[in-house]
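Annotation comment: TrEMBL describes Asp210, His212, Asp283, His467 as Zn(2+) 1 binding site. What TrEMBL records for Asp283, Asn323, His431, His465 is Zn(2+) 2 binding site. Per TrEMBL, the feature disulfide bond maps to Cys92-Cys169, Cys123-Cys134, Cys225-Cys230, Cys231-Cys254, Cys391-Cys439, Cys591-Cys595. The domain 'Saposin B-type' annotation in TrEMBL covers 88-173. Residues or ranges marked as signal peptide by TrEMBL: 1-19.
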Amino acid sequence: MVNIKTFLLLLGLIAASSALQLRSEEHIKRREALLANVDNFAEQFRVEYDNYTQYGVRSTQLESMFKMMKLPPIVGRAEIEEFPPEAAIVSCLFCRTTIGTILQRFRAGASKESLMDFAFDACMQVTTYGAVVCRGVVDLNADSMFFIIGERPSLTANQICSVILQGECGDPDPVFDFTVSVSAGPAITQHKSGSIPRNSNEIKILHFSDPHYDPAYLVGGYANCPEPTCCRRDRGIAADPADRAGRWGDYRDCDSPWEVVEDAIRSARRDHPDATIVYITGDFVDHGVWETTHAGNIAIMDRFYNLVRSVFAGVAVYPVLGNHEAQPTNVFAPTHITDPALSIHWLYEHAATAWASWLPAAALTTVRAGGYYTVLNRPGFRIVALNNNDCYIYNWWILYSRNEVAAQLQWLHNTLLAAEAANEYVHIIHHIPSGGGSCLRWWSREYRRIIDRFHRIISGQFMGHSHRDEFNVFYARNTDFAVNYAWNGGATTTYSNVNPNYILYHVDNQIFQVNEADSWYYSITEANINPNTPPVWRKLFSMRADFGLPDLSPASLNNWVTNTLARNRATLRRYFEYKISMGDPLMTAPCDDDCLRNHLCAIVINEFNEHRKCDQLRQLPLA
């Protein structure tokens, strides 16, 4: 029998080390000790729950076990790489226990309804969500989960949780591994350097990401709620004025009212009339994940697309899909799955129709096939848009098949190979950052291999999802040479604790490298003091000018990160403040040297759990 007191002690010890996101040796040892006992805990839980099911009375032991699996709110509002250690280990305990119970009961012939009731009960016991949220999430995800575990009878709870929690719950099983055929290329022997001097012929590209328009947003609505997103009509006007949502957004866990979305798009067009390209890196739909519908998602997307189409008439627009566009959220079935209850074809068909005014017919073919495409913007300059939601760890279908994931990456490789032969430079756009904890480690490894191979012609990568105004330097897998970079568009939503922002890139018209990146934002605090006037959008910073960089080549960025950012506390703090677009709650929250170094490491981690460059930088003294 598992020793409950021992588990509580271990959980408490882990909580004491929660300041670090990068796991300490001490935490790893404690995690391993917990993992050694999780299976016993899960087995005892099943016995106790079976007794409850049979007799209708929860034992003291069962109540204690549910309390031990109580998930902190961050689990529902952040990515795995942002979890403090105690949140990660409790998530593992909950995952292995509940998934194991579902698998055992499913294979013993339990009804779908009884399994859904168990999942609902577990949600109610371990989260702060109410019955409406728990029932909605379970009902929406049940069909996909039951199909997957039915078609993959060898799946275990250990395998599932190790993938969903990216190694925080045991080493991922190699059964999910895959490789892409990458052609031979020249050896990488130096940092990628060189840039075209600033000139009047630069191309201006606007980058919007993560608008998360919420049709249910209520000005004055309750902003301090236990649900995944707040400020919504269902709770009405908050009694306490301090809890009321502002007209121009709210720093708390709230998505965007339409006024914020529209103001961002119209203001960018007004302030940058000479922008000739727009990148939109996904997540148009809100965080109301328990009540999404096909019709609701389509209505949100169409309203956003129609706005962009009207405001940016005659401008080249290149969108990608975010994880929130799927129904249910995050869940992108392989294209050979045609059951209407499971299929994702409706989204790809809708995207092809909605994007037809922006993309040529040839590009729409692959949009319909898998939500990705390539377009030649002008001679020598190609756009490659990926649907990399198939790398997202909360897309349950990554447990089902690797074939289609590998197929899109192989398409990317082949597209880049053809671009190389045609002497074209390439921008890659996608939604989910490839190096963070959100992206399946094998996907990020194979993607990185492709970036290494074609680093010469890839002039930039552009992404979203994190809601942070950040960038990544890509290092060759087998060397310390900086070979590429990726820019994140931040978010036009405030979810959570940030100001709305967008990016303007100044791109040369020869090698199509970013020469300058300007971040524009407005202050939520300031805007809501004067709710009857539109927000004032300002340039927050210019990457090259504000940090005194000679250019924005990978070589220059590496030199700056290594020799300035990693050694100068004030500069690193300033980068952090820009990253959160000066959001008031995070500006006033403590961020010590360990915290700052975590943000430094986020720049240089290109593959999940590959900390070589990060470890080098953490050894440098901050002065």
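Using the three backbone atoms N, Cα and C, a Cβ is placed for every residue, glycine included.
Positions of TrEMBL features highlighted on the structure.
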{"residue": "Cys92", "record": "disulfide bond", "Cβ contacts under 8 Å, 6 or more apart": "Arg31, Leu34, Leu35, Val38, Cys161, Leu165, Glu168, Cys169, Gly170"}
{"residue": "His212", "record": "Zn(2+) 1 binding site", "Cβ contacts under 8 Å, 6 or more apart": "Asp255, Ser256, Asp283, Phe284, Val285, Asp286, His287, His324, Ala491, Thr493, Tyr495"}
{"residue": "Cys230", "record": "disulfide bond", "Cβ contacts under 8 Å, 6 or more apart": "Gly221, Tyr222, Ala223, Asn224, Ala245, Asp250, Arg252, Asp253, Cys254"}
{"residue": "Cys391", "record": "disulfide bond", "Cβ contacts under 8 Å, 6 or more apart": "Ile398, Val405, Ile432, Ser434, Ser438, Cys439, Leu440, Trp443, Ser444, Tyr447"}
{"residue": "His431", "record": "Zn(2+) 2 binding site", "Cβ contacts under 8 Å, 6 or more apart": "Thr281, Gly282, Asp283, Val320, Leu321, Gly322, Asn323, Asn387, Asn388, Asn389, Met463, Gly464, His465"}
Among the binding-site residues Asp210, Asp283, which residue has the largest number of other Cβ atoms within 10 Å of its own Cβ?
Asp283
Can you name the recorded positions among Cys134, Asp210, Cys231, His467 whose CA is within 10 A of the CA of Cys225 (disulfide bond)?
Cys231
Check the disulfide-bonded residues Cys123, Cys231, Cys254 for other C-beta atoms within 10 angstroms of each C-beta and report the one with the most.
Cys231
Least buried of the disulfide-bonded residues Cys134, Cys169, Cys225, Cys591, going by other Cβ atoms within 10 Å?
Cys591
Please spell out the DSSP helix, strand and coil residue counts for the domain 'Saposin B-type' (88-173).
64 helix, 2 strand, 20 coil
Using Cα positions only, nearest of the recorded positions to Cys123 (disulfide bond) (Asp210, Cys591, Cys595):
Asp210
Restricting the comparison to the recorded positions Cys134, Asp210, Cys231, His467, which residue's C-alpha is spatially nearest the C-alpha of Cys591 (disulfide bond)?
His467
Around the Zn(2+) 2 site recorded as Asp283, Asn323, His431, His465, what other same-chain residues have a C-beta within 8 angstroms of the site's C-beta center?
Asp210, Thr281, Gly282, Leu321, Gly322, His324, Asn389, Tyr392, Ile432, Gly464
Near His467 (Zn(2+) 1 binding site), how many other Cβ atoms are within 10 Å of its Cβ?
25
Across all protein chains in the structure, which of the recorded positions Asn323, Cys439, Cys595 has the highest Cβ count within 10 Å?
Cys439
Which chain neighbours of the Zn(2+) 1 site, leaving out Asp210, His212, Asp283, His467, have a Cβ atom within 8 Å of the mean position of the site's Cβ atoms?
Ser209, Pro211, Gly282, Gly322, His324, Gly464, His465, Ala491, Thr492, Thr493, Tyr495
Between Asp210 (Zn(2+) 1 binding site) and Cys134 (disulfide bond), find the distance joining the two CA atoms and give it rounded to the nearest Å.
25
Would you mind giving the whole-number mean pLDDT across the domain 'Saposin B-type' (88-173)?
94
Do you know offhand how many angstrom separate Cys595 (disulfide bond) and Cys231 (disulfide bond) by C-alpha?
29
Including all protein chains displayed, how many Cβ atoms other than that of His465 (Zn(2+) 2 binding site) lie within 10 Å of its Cβ?
27
Expressed to the nearest Å, what is the distance separating Cys134 (disulfide bond) and His467 (Zn(2+) 1 binding site) at their Cα atoms?
25
